[in-house]
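What TrEMBL records for 655-674 is compositional bias 'Basic residues'. Summarising the annotation, TrEMBL assigns compositional bias 'Polar residues' to 675-688. Sequence annotations record features per position, and here TrEMBL assigns compositional bias 'Acidic residues' to 691-700. Residues or ranges marked as domain 'SAM' in TrEMBL: 749-815. Look at TrEMBL and you will find 633-711 tagged as region 'Disordered'. Per TrEMBL, the feature repeat 'MBT' maps to 11-111, 119-223, 233-340, 348-445.
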Amino acid sequence: DAGSGVEEMEFNWDEYLEDTGATAAPHGSFKHVDTSLQNGFAPGMKLEVAVKSDQNTYWVATIITTCGQLLLLRYDGYGEDRKADFWCDIMTADLHPIGWCEQNKKILKVPEGIKEKIPDQEQFLQQVLKGASSAPANLLEGLHRGKNPLDLIAPGSRLELQNFQDSLEAWIVNVVENVGGRLQLRYEGLEDSDKFDQWIFYLDPFLHQVGWAAQQGYALKPPSAIRSLKSEADWQEILKKVKEEEEESSVPTDLFKDKPVIGVHSFSEGMKLEAVDPLAPFVISPATVIRVYDDKYFMIEIDDLRPERTTSQSYICHVNSAGIFPVQWSLKNGLHLSPPLGYPGQDFDWADYLKQCGAEAAPQSCFPSLTSDHGFKENMKLEAVNPVDPEEVCIATVTKLKGSYLWLQLEGSKKPIPDCIVSVESMNIFPVGWCETNGYQLRPPRKAIVNKQKKIAVVQPEKQILSSRTVHDGLKNQELNSSDSVVINGKYCCPKIYFNHRCFSGPYLNKGRIAELPQSVGPGNCVLVLKEVLTLLINAAYKPSRVLRELQLDEEAAWHGHGETLKAKYKGKSYRATVEVVRTADRVADFCRKTCIKLECCPNLFGPQMVLDKCSENCSVLTKTKYTHYYGKRKNKRIGRPPGGHSNLEVAMKKPNKRRKRRKHFFVHKKKRSSASVDNTPAGSPQCSGGEEEDDQDESELSHSLAQDRDKRKRKLRTFYFSDDENKPPSPKEIKIEVAEKLQLDSNPLEWSVSDVVRFLKSTDCAPLARIFLDQEIDGQALLLLTLPTVQECMDLKLGPAIKLCHHIERVKLAFYQQFAN
């Protein structure tokens, strides 16, 4: 609100933790999040795999390890012998669950290499498959092949949700949105209304696959809160329709295998206990077991002694439900127990109360033992769901710990609320960065406005002194003013910008992350839409700081647009740079194309045109190695880090063993700049010395190795140059972009052994990496499956050596396709 005196600004967890002096709760403390990240395959699982030497036969193999969508397998019978281990890609290899061969009348036959070790095939299979776990069939076949299991719960999927007021009833819910496993669910029959939507994590014990209620003998009925909205005949018609479409919208049963198992309880009606109301978890109050459904579920009610009361606070529980405690638990832990509403006097005493009610306390044996091994500590930060408004996820601070319960203070909620009482095993708490990772809006803390001026830190590279420059809101004709954002049908309205995921992504952008981007952004204000597009691209890069550097404004060039400050984070360091974006719709298409060429990707990767089947640039034939030949000559710019005197890139980094000086503000205000307000102060050096040391080391190492390789083999390679003088721009003579000479192979790399791969690497400038390939026993087939992300993840290589290695792998792939593919 304009008059509230409060301003919401762009939030950055790293800066916030530094400024508050707090630490993030450890990721390992959020077991439900760890479970959601599993890809469904695990070492020890078995599957049936086509035999290399005879593609018409299959044999049982065991998963040794996983790396993204790659599996390292070993045929059963080799024991601990690693020499025959092989990598395969889930998406392309001939892999099947155990039992597939028998069902499809395929031949299971022992591979030649271990034939002598297995005289009796049938007996051997009975032995190795006894009690074995098969790889999930739904992840090996059909539309779900190679997908993360969590992604199978897509919008439109149907589930069954138990009634929170009657556990013996359930109703169908539709998935509206899946945010990292946190599901927005809408009751079947209420497609046009979100009033009764529920937000529940997919591992919640009350959520099940369709058909669960019938299996348990429970009734399928809409909850009482919505039952009156339609007639009984309408509800029956909806149920009939759901059963007809069950196969189309159901999710695999395997998704729920990690759900907590509900045990048997020993509560009886009338027992007293202490409880936290899950809808208002701010106090601990006396409560009563008012109904027992069966040996799994019971209902409790928060005690209310007022004679005039018209409503009650009751809810379903099971033995592992959070927020139920034995009598006197609060007293023993030094906590306040809130007396029942209508209780005479303020001093509540359990002995008197039980006598007054004629009730007995639930014995200690009814309650499970509480865990104290959780990793949380006071003042730690995390992200938590607002219990009053479950759509909100807020910054949370641990203010108190008792046993396995946290008291959380939520910041930034729309309405201030008291500290929440939450179990350490709650599925409504998440680690720092969870919202950003899953593209969900985190409610940032709000900060009071001191005045109307904005202060922005600017780095002086030579002196390493922080100064501040005041940017006034009233820059005439230069600021992005409110009128720009309301001209919806005029020249300032940006068309919808499409991300064409099938187009060539180039050397800087991660293909996998590009595929995860939304299909489009906009329409809307040109500056805002383009800023969002560029931010998404930066975050989709292998190295975000490098892409930001490529996009940053050359302050010597003619400036025809609007300057926006963009940010990038890489390896714990924060970078900022001013990037030029256009302000009118007629220039958007050209801006997008030129930006794509800057990033050495297909000019149609993003822009106002959607690529349906075939890209007009025929970019599908390109690889990162071949790009320069097609587009590099069009691009006359220097590769590598621009000299400091002509860079507006800012990087912030902590000094070793020394906290950075506390800033006055937690956040940096967004700059709005134009040609009349260009900050010509050089800002290319880090705020603390050594800020770009690691980046430069990677790039210099890559430059040196490529040049060395060119000299040794007299191959024409793309060469990188760097200026020692930070204030001297590169001359055009230094800019060289050339093409690599074609590699000729003497043998088919598909048939290379580990020794052949090692021999090839030793003939390149990547010889020091040969030891890794030998240790991991990577043969020719595995070599051809390697990509830059896989190399970095599985071999733990820095970007420079990884790019260098992938360059040689790409040459082998190209030679394979040209010489042996046919």
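Using N, Cα and C of the backbone, Cβ positions are placed for all residues, glycine too.
Unlike curated entries, TrEMBL annotations are predicted automatically.
What you are looking at is a predicted structure, and each value in this text was computed from that prediction instead of being measured.
When each of 11-111, 119-223, 348-445 is scored by its Cβ pairs under 8 Å to the repeat 'MBT' (233-340), the top-ranked stretch turns out to be 119-223. Mapped onto DSSP helix, strand and coil, the repeat 'MBT' (11-111) counts 21 helix, 35 strand, 45 coil. Note on the repeat 'MBT' (119-223): DSSP counts are 24 helix, 36 strand, 45 coil. When the repeat 'MBT' (348-445) is classified with DSSP, helix, strand and coil residues number 15 helix, 31 strand, 52 coil. Mapped onto DSSP helix, strand and coil, the domain 'SAM' (749-815) counts 52 helix, 0 strand, 15 coil.
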